[in-house]
Amino acid sequence: MDLEYGKFSDASKKGSWKTALLFAYQSLGVVYGDLSTSPLYVYKSTFAEDIQHSESNEEIFGVLSFVFWTLTLVPLFKYVFVVLRADDNGEGGTFALYSLICRHANVSLLPNRQVADEAVSTYKLEHPPEKRSSSRVKVYLEKHKVLHTALLILVLLGTCMVIGDGVLTPAISVFSAVSGLELSMSEEHHQYAVIPITCFILVCLFALQHYGTHRVGFLFAPIVLTWLLCISALGLYNMIHWNPHVYQALSPYYMFKFLKKTKKGGWMSLGGILLCITGSEAMFADLGHFSYAAIQTAFTFLVYPALILAYMGQAAYLSQHHHTSYHISFYVSVPESVRWPVLVIAILASVVGSQAIISGTFSIINQSQSLSCFPRVKVIHTSDKIHGQIYIPEINWVLMILCITVTIGFRDTKHMGNASGLAVMTVMLVTTCLMSLVIILCWNKPPAVALSFLLFFGSIELLYFSASLTKFTEGAWLPILLALFLMTIMFVWHYATIKKYEFDLHNKVSLEWLLALGPSLGVARVPGIGLVFTDLTSGIPANFSRFVTNLPAYHRILVFVCVKSVPVPFVPPAERYLVGRVGPAAHRSYRCIIRYGYRDVHQDIDSFETELVARLADFIRYDWHRSQHTSPYAEDDASHSNESSSERRLAVIGTVAFSGTPGYGIEESVEPASVSIGFSTVESVTDVIEMQAVGAGAVERRVRFAIDDDDTESDVQTKMYVQLEEELRDLMTAQEAGTAFILGHTHVEAKQGSSILKRLAINFGYNFLRRNCRGPDVALKVPPVSLLEVGMVYVV
């Protein structure tokens, strides 16, 4: 299914206050569930071991001051006012920043890149660099290939920590909410009740994922809104009733006073304080579902004040209750008369927050898979109407097992908080580093601005990160272990994918070989359509030559299909298909490149097959019509007779009904351009979308037109019309005969003489993942009866 790539944010740009407020309200359930439940465990984690609550109140006031300024500087100043502006066509997150950087500098490691990709409307450069001079940072990054790999590793590190947070956040949120039972039962009963109840809620949460959130999503915003109003009211009550002067602790003076008294213990306790900003990254990651104005409004005017009131209220209560030092928790400050209702709301809010991070984990794994950085997994779209709601069965059950293991293994908020804090801080550091590059490369700001951003926010986050590292043996080892494991998998998969592409590139077969195949060589054409899947955008893949060598026959209609990712969040459906001929028209061979963004949902195979045939029919009409005009296509017509020695140009074929008026988009240019940037051995081929030769007065020329069947019948010559009808008839006949999907069944081996590390990564790591993960046929949902697999050994 090809879903609409438009998002909620498009509607919000109309400037309607009602629309903005509606989106702000809806964002509460999706974006702020995790951040809003942090008061459940911040103080408890902070006072777990390193510092003690004393009669002087210096510790509690110092912690409150740290919480206030951390919430103000990181979520409010950094994310709301700076990072949220670095959106990629309305999308946010780690991959959005990486995508922006790759489009403004040649640092991408993605294979099969084309100049044509730069003409996609979502590829736009909001701040095009000046041609007369290039940033020194950009030149330095592009020059050193090792920095391309380092940048990818940095992105993968942030991605792995987000996935690790998907394990830890549900565990600590639900556990902290359920821990409120400790005040209503004896310690013996509490010990045997909290863990089973937490595990039961987690199992139910993950078991219901395959239904999708759209069925109950309308409840999320009211739950989080109720929770925010609840903690705000409790905060105000505690401030008025216990300590009206607690606001004085917001002064930075109390931070220095706190550190002066507690010294090393105070620094180590920062690992608990940083939990107050868990979930801040969700504001940026979920930007695509809402608008910048909606997320900014919701945080600035509701979430931020509610959280500050909640923390101030807890501090006011604790400043007058020093005997509760051993039992510091959120629920001790809740009046007993409303404790049970608050407990229920807290559990519901923690479930909503957990749901948001689980959905985010599915989304980021899908993005990683799209960019060839994660093994193939089954992605199920749970809603036909709401874009981005996906479910990944394998990941869901692995997350559930890990969540329950963490809950049973750690059994307390302290260890879970230490682990979660390190994961959160690592993601924020990665965002800060990438954001610094965006400021220079994409916004064209002076390096001094980017350096100031990096030093100011980086120093704050490094302070918290260093405090988290001291908790390595007390839980912080878990996200590091998970990140190392996941990064190894992702990097090995990406490395092997690149090596396979290079092997295909060096072993592709010439077009002359394909055109020479015929009855004289004992090769027959059989009825039907043969879809040969390859990563190449030009040339004949080696797996097809192996197929013909072993089975001397191929289909009457032959289509070389390349499904590729473009470093943009969405490719508009009208710009998805690039179609061209391979050889002369009589050969009935075509090339079709299907482009997806990293947040696009791939089509089901039935709709894909039908649409592909429709696009081929549209292209055939367009190509025969184009051949009748000598202007402005004189150059093309002159080369028409030379089709047997070179591939024809590719045309962007829009998604219109087969029986309707086909739409075509074409750009003319003077010179060809390389189709695979970054590999010196790649041959150049001319695409339909290229850039004009750079020079004075050079102008990009676009020609767009539509052809109506009736007009075509009346305008074209009889001979050409007969040939057009014959080619269309052959296509329809082949479709009725059936479609075969020809895929490579690969085994990858490292070259002799390769290093031990490379042999381990390729021979064992990659091949183990390939055998135990979804194959390309499953990922493409190819029916087994239509599948033809060609065995290939890749020596890389």
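From the backbone N, Cα and C atoms, a Cβ is placed for every residue, glycine too.
Because TrEMBL annotations are produced automatically, they should be read as predictions rather than curated entries.
Listed ranges 265-285, 559-579; the one TrEMBL annotates as transmembrane segment is 265-285. Ranked by Cβ pairs under 8 Å to the transmembrane segment (386-410), the stretches 20-40, 60-81, 146-172, 265-285, 422-443 are led by 146-172. Proximity of distant same-chain residues to the transmembrane segment (192-211), defined by a Cβ-Cβ separation under 8 Å and at least 6 residues beyond the stretch ends, is recorded for 170-171, 174-175, 178-179, 181-182, 185, 347, 351, 354-355, 358, 380, 382, 391, 393, 396-397, 399-400, 403-404, 407-408, 411.
For the transmembrane segment (476-496), the residues of the chain that approach it from at least six positions outside its boundaries are 109, 152-153, 156-157, 159-161, 163-165, 167-168, 271, 368, 372-375, 406, 418-423, 426, 468-469, 748, 761-762, 765-766, 769, 796, judged by C-beta separation under 8 angstroms. For the transmembrane segment (450-470), the partner stretch with the most Cβ pairs below 8 Å, chosen from 60-81, 146-172, 218-240, 338-365, is 60-81. Long-range contacts of the transmembrane segment (218-240) within the same chain, counting only residues at least 6 positions beyond its ends with a Cβ under 8 Å from a Cβ of the stretch, are 25-30, 32-33, 36-37, 39, 246-247, 302-303, 305-314, 316-317, 333-335, 342, 345-346, 348-349, 352-353, 355. Among the recorded stretches 20-40, 265-285, 297-318, 422-443, the one sharing the largest number of Cβ pairs closer than 8 Å with the transmembrane segment (60-81) is 265-285. Most Cβ pairs within less than 8 Å of the transmembrane segment (422-443), among stretches 20-40, 146-172, 265-285, 297-318, belong to 146-172.
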